[in-house]
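Colleague: This is the structure I have questions about; it appears just below.
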């Protein structure tokens, strides 16, 4: 290893064959000389990575060398029946797809697995073969003429076989998508088979000055379908023949003539453009997978019996052109690689062709191929690729295994740019201040400054908040969240009626949901946040009501003043930018709160089903009700006793017994369990159906979006069909206050309340403000996580201001206060997540962000407001079905919480633990210690919430959580807390992992200077640098016994090693 240059010496020299790499020009089109002189000094001794960076760093003034996405296709020269043609065998967009031998179909996309031998052979061919850059050709015929002329002039092609090579290149191309139309399997015959079986069928046949040429192929490949418009057909159905220009053929050519009724030919005048326009039918279905603006790279390999040595040519056209039936899809061709040789080398040619196509699909070599000005540039790209691959030993893996494409492909930018200079020390405090200012969480120093900034930030997006909702995904989210919000509102209304003496109940909750939801949806800063009724607010209401009963005061009037004080205090907090304190709510606090609310949803769903079991036990004793025959009937009592309670009257029977007034309920509990679990299971399974293997992607996406709605309707129909009297959703059917003694406006004064009661209302209002502020802002922090990739900005100050106005309106109308509901908001965000469309086969969908809009929020609460009119329909929905929705939302909101992941890790053996970033950076014992402390805080919050005597302290405990998190600075290092307690997305963590190592530079310094001794990046493995992903067992080289991968194992550590060694 040459330490001074920091690259591996490869077993070849950089001396390329002499000669002009410039493509000859088509005399019909003309062209200018593209030859350029370069001034790179000592190019051969420069490391390949630096050479590539030099090539990619050049300024491109013309538009001819701008890179485009590439579609690569490999065709092999084969004999299909009696027809000789080019047959498509593999294709690449990002990953390789092969034609299954005998299966007549495409394989699953997989990471390309190459042999080192094929890469070395490909490099040798690029050194010794023809390289023609910026060829002026617009069809296959011109291209074939120029290629043959160049090979003859270079002395690599004997002039006597020039026409045969050209004819081979002009054979028609048959593609796999047309192969499916055939009912027969391909018949591929070797050279010996062709000669033995066709010798008896040779017959004299001439057509003008045509000369049929015998070609051979020995490896199967998928045939294409497209012929040439200028094909001649012999009388008597003799078929079509490949024509050769007039002239006397050589004796060798006459000996090789094999005439059969199905010999294919293509008339010389027929151009590729005419072929495409008249007969070639591209694979328009697969065209959807091709990126916009893509160009094609065609690899043509095959063996012929008239060559004694291998011919190869790498061609780059000056401008892409559609070459007739050359490509499966109507995409213009820019690159062509031709490899022809004598019989017996087909398998090697196939592997070399795959290596070429894999190189063209590599992001770096792909750009080098576009920018290359001479042969050495292409060789530099190959060398850089070989430096970046990873080797898998042949005895430690199965080469027949097709490796699945990775979920995420690491960026290749580090291979394009030169090593960065050491970064200047960044002041962490200044960086944090900058991030807070971007999020609107910095003090402005003026009254309502934060509110004004929020308004300025959100106004430019306001129109798009409505336009962006034009999607079926929003319809699914609206209907799902409608049922998810309606059931808690009704349930909360029932509990509120008990806690407040029916001063507020289900009807008031529905009206409050409509008023608050519409106002918040139209004017809030973050409309993804869903408002709802919460448990702490219910506890607060019950304490105030009991206090008023004890004092003999009018509850609604005293509550009115508390609400006004709460609204006023919240407006003051908005004026002084108090929402900037949200920056102290870290992952520690927000995940504790989110996990607590999720556990409450799960617990309440199960508890409600258990309560049904207590009210309707399975073992109820004897049901005293028997069906008897009608009076005057000849039927016996035994005949009618077999009829159930609900069928007796339909047979004119009479029910007799003490329990006949109510239907039998022994099956209610079991049915409720089935409905609840069924709803949960169907919702969970269908939500993940978008990743299933069935149906087209758009069908899977719709099923996933409407998963909860499908589950609700399916289980409701199941309940209706069985007729078991389960509990149903009860919705008020009249728009009027629950108590007839109150109206929709609350009087501010009452004879029962003393004059000073509005003044002392400020003390409970302070506690209520803390409760509402913490509830609102913690949920807002969770919604605005960086992981959600929101683009329209936050609005903490605006949200609090709108909420204070809504609280004042609700206090005036005597309605429950609605604040941000954590679980509902998380599920709202999850239901609107956007993923990339998988264009390239094998490409995994990537999370793009969330569909940020207001329409779903507005429609959810608009529908809740008109639920009174939907009572006849909603009354058929069983409550256990909605309990199943609760259970689903609770479990779904736990997904993605690092805290919950760390809890699960505590019960896993080390070898089964997932490869999380925090496990790479922090010792497992420290991770468990942090988790135990967080879990203890969660248990304390649960206990405080569970007892009515202490539940009023719940909002204060959330503030205490922030203090506990601050105290952890004394227990954990700054580096450990930065990893375990931040909201950085996972992919960003991986990018910043090397920077975190600098905080612990003195530990393992020697191991980082010499990383090849051991460790993850020191394994002897081989794969293409992009497809397998960093550190994974990606694409492999089965024949590889050496390592070509150290330079790109870890770019930043490599830079550190270089600087240390140079010193």
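Glycine residues also receive a Cβ, built from the backbone N, Cα and C atoms like all the rest.
A TrEMBL annotation is a machine prediction, not a hand-curated record.
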Colleague: When TrEMBL marks a stretch as transmembrane segment, which of 635-654, 735-754, 755-774, 775-794 is it?
Modeller: 755-774
Colleague: Looking at 421-439, 440-458, 535-553, 668-686, I want to know which stretch TrEMBL calls transmembrane segment.
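Modeller: My reading of TrEMBL: the transmembrane segment range is 668-686.
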Colleague: Among the recorded stretches 698-718, 795-819, 950-968, which has the greatest number of Cβ pairs closer than 8 Å to the transmembrane segment (668-686)?
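Modeller: Between the candidates 698-718, 795-819, 950-968, the best contact partner of the transmembrane segment (668-686) is 698-718.
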Colleague: Decide whether the stretches the transmembrane segment (755-774) and the transmembrane segment (504-523) have at least 3 CB pairs under 8 angstroms, with pairs required to be 6 or more apart in sequence.
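Modeller: No, since the transmembrane segment (755-774) and the transmembrane segment (504-523) share fewer than 3 Cβ pairs closer than 8 Å, they do not count as touching.
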Colleague: Same chain only, please: residues at least 6 beyond the ends of the transmembrane segment (795-819) with a C-beta under 8 Å from a C-beta of the stretch. Say none if there are none.
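Modeller: Same-chain contacts beyond the ends: 440-441, 448, 450-451, 453-455, 457-458, 492-493, 496, 503-504, 508-509, 511-513, 515-517, 519-520, 523-526, 529, 531-534, 537, 541, 556, 559-560, 562-564, 566-568, 570-571, 573-574, 577-579, 582, 737, 742, 744-746, 772-773, 775-777, 779-780.
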Colleague: Suppose I define contact as three or more CB-CB distances under 8 A, residues 6 or more apart in sequence; do the transmembrane segment (858-888) and the transmembrane segment (950-968) meet it?
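Modeller: No, these stretches are not in contact.
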Colleague: In the same chain, who gets a Cβ under 8 Å from the transmembrane segment (560-586) while lying at least 6 residues past its ends?
Modeller: 432, 436, 439-444, 447-451, 544, 746, 748, 757-758, 761-762, 764-766, 768-769, 772-773, 777-778, 780-781, 796-797, 800-801, 803-805, 807-808, 810-812, 814, 817, 962, 965-966, 981-983
